[in-house]
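Annotated features in TrEMBL:
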{"type": "SIGNAL", "residues": "1-26", "note": "signal peptide"}
{"type": "DOMAIN", "residues": "211-456", "note": "domain 'GOST seven transmembrane'"}
{"type": "TRANSMEM", "residues": "215-232", "note": "transmembrane segment"}
{"type": "TRANSMEM", "residues": "244-264", "note": "transmembrane segment"}
{"type": "TRANSMEM", "residues": "315-333", "note": "transmembrane segment"}
{"type": "TRANSMEM", "residues": "353-376", "note": "transmembrane segment"}
{"type": "TRANSMEM", "residues": "397-415", "note": "transmembrane segment"}
{"type": "TRANSMEM", "residues": "427-451", "note": "transmembrane segment"}
{"type": "REGION", "residues": "481-513", "note": "region 'Disordered'"}
Amino acid sequence: MLWFKSIGASGLLFLLWLWLFQTTEASVHDYNVEKFVSKGNAFVVHGGSEGIYSSVPNLTESPSYSSNTDSFIRFEKIIFRRPKEFSNFSSDPVHAIVFEVDDRELIGGSAYGGQRAICCTVDLAKLGVCTQGQIIHRPSASNPGWPKVFSASFSIDEVDVALQSRSIPITKTGMYNVYFIHCEPNLKEITVEGKTIWKNPTGYLPGRMAPLMNFYGYMSLAFVLLGIFWFSQYARFWREVIPLQNCITLVITLGMLEMAFWYFDYAEFNETGVRPTGTTVWAVTFGTVKRTVARLVILIVSMGYGVVRPTLGGLTSKVLLLGGTFFLASEVLELVENVGAVSDFSGKARLFFVLPVTFLDAFFIVWIFTSLSATVNKLQARRLLAKLDIYRKFTNALAVTVVVSVGWMCYELYFKSTDVYNERWRNAWIIPAFWQVLSFSLLCIICVLWAPSQNSMRYAYSDDGEEFDKDATFTLIKPSPLLPKDVRSQPEVRPTLGNSELSNGEVVEDKTE
């Protein structure tokens, strides 16, 4: 009995090398002398995987023509090339296969329950289910005409052969895959050149990325509104601004620039199909600087800088070292993820770059909460109640953020581990969007807690700050000129005196409320 099994697509993913100073194309998948690799009994090149939304076909148009509102996958100038020394024979066909992820079970098969094969074997040919040297596939019952298979063969002494250019209209929303496959062991060192163009109805953005363009547009608006609030307060009370508020101003400015660059990056990408490398690099860099500065601000605030201590002392170099290391690790990760991304199919290569950032983030969290605990204890000991209140609110906000982050990371791991073939690609944009919303929410809380006001200086470090808070604590106690000096200096013991009489015969009135 013939059982059809899926292609192990994850095993075909390769590491994409990063080139920062040349144009990177994403919806335009370029194949620059790509070599076929052995996979089972076949030789394969992964041509790309992207989510594509469907479009209604126009029956009056030529199959080779697509309007601006059509979804399609287009093959352009695809050439298979082999060395001259291996050109003295006619070959079996070299195939280009396009299939939707739901049809993956239709590719490959096995005879008598044996090992899965992509290419038709002798045993399968004897069963009459395929032709030896061809790839095994059967038609889809739910999507007539799919999978799509196109072929080209080498003639004797022919060094290269071209695959006919064509556009494939997409009439069903799904995750589509392109593979170049041949079953001829004698076709050594064969390569593929050319490109495929993938398009959605609304533009060239891959399906997974398409909703992010609108998201970054809304986030840009949100940062503008936050900026209006913050800068208006900053302008009104600029004489009372403390250094911490200058750092918050920098974070807001960087966030506004990051969101704007991301929106323009996606908008141009969607319009042209070519990702603007310069804009992408700027968006990545502004985002990385913002995240680094935000973490450093939270850390130094947790240490009490500018509030209970005038400087960080010997910790300055350690804080800067941690910030610089985090910036480098995050910048590399973001560049690998965004500059050079050519597919909606996310592989495991990025894991190598994720681990350092995760470790540094964990180190930040431990250091922040350790410092917060020490600072809060110091504020309690000095009875600086106004500062203590704001630090408690800040601690609660950070704790909630950390708990939510851990919960979301668990969900993200579950999402990716259970979505091997990216079947839930239409919801994948929510994962990066959530982190942006969470960091923006924390920034809003910090802006509310430390907004510039006429009382901003009461939160700044000063030598007499302790006395200021003590005076504010006992405003409800009325001083009595008749009390002796030694009694007035210890107001906390007055309630214990009750209505006891003093030596001059007067009774001390209990003012405790």
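Note that Cβ sites are derived from N, Cα and C of the backbone, with glycine treated the same way.
Any TrEMBL annotation is an automated prediction that lacks curation.
The model shown is predicted, which means the values in this text are computed figures rather than measured ones.
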Quick one: do the transmembrane segment (244-264) and the transmembrane segment (427-451) reach 3+ CB pairs under 8 Å, ignoring pairs fewer than 6 apart in sequence? yes
Near the transmembrane segment (215-232), which same-chain residues lie under 8 Å Cβ to Cβ, leaving out any that are not at least 6 residues past its ends? 248-249, 252-253, 255-256, 259-260, 262-263, 266, 429, 433, 436-437, 440, 443-444, 447, 451-452
Who are the chain neighbours of the transmembrane segment (427-451) in space, where the CB to CB distance is under 8 Å and they lie at least 6 residues beyond its ends? 208-212, 215, 219, 222-223, 226, 229-230, 233, 244-245, 248, 251-252, 255, 291, 294, 298, 344, 390, 393-394, 397-398, 401, 404-405, 408, 412, 415, 419, 459
By a Cβ-Cβ criterion of under 8 Å, what residues six or more beyond either terminus of the transmembrane segment (315-333) are in contact with it? 284-285, 288-289, 291-293, 295-296, 299-300, 303, 350, 353-354, 356-357, 360-361, 363-364, 367
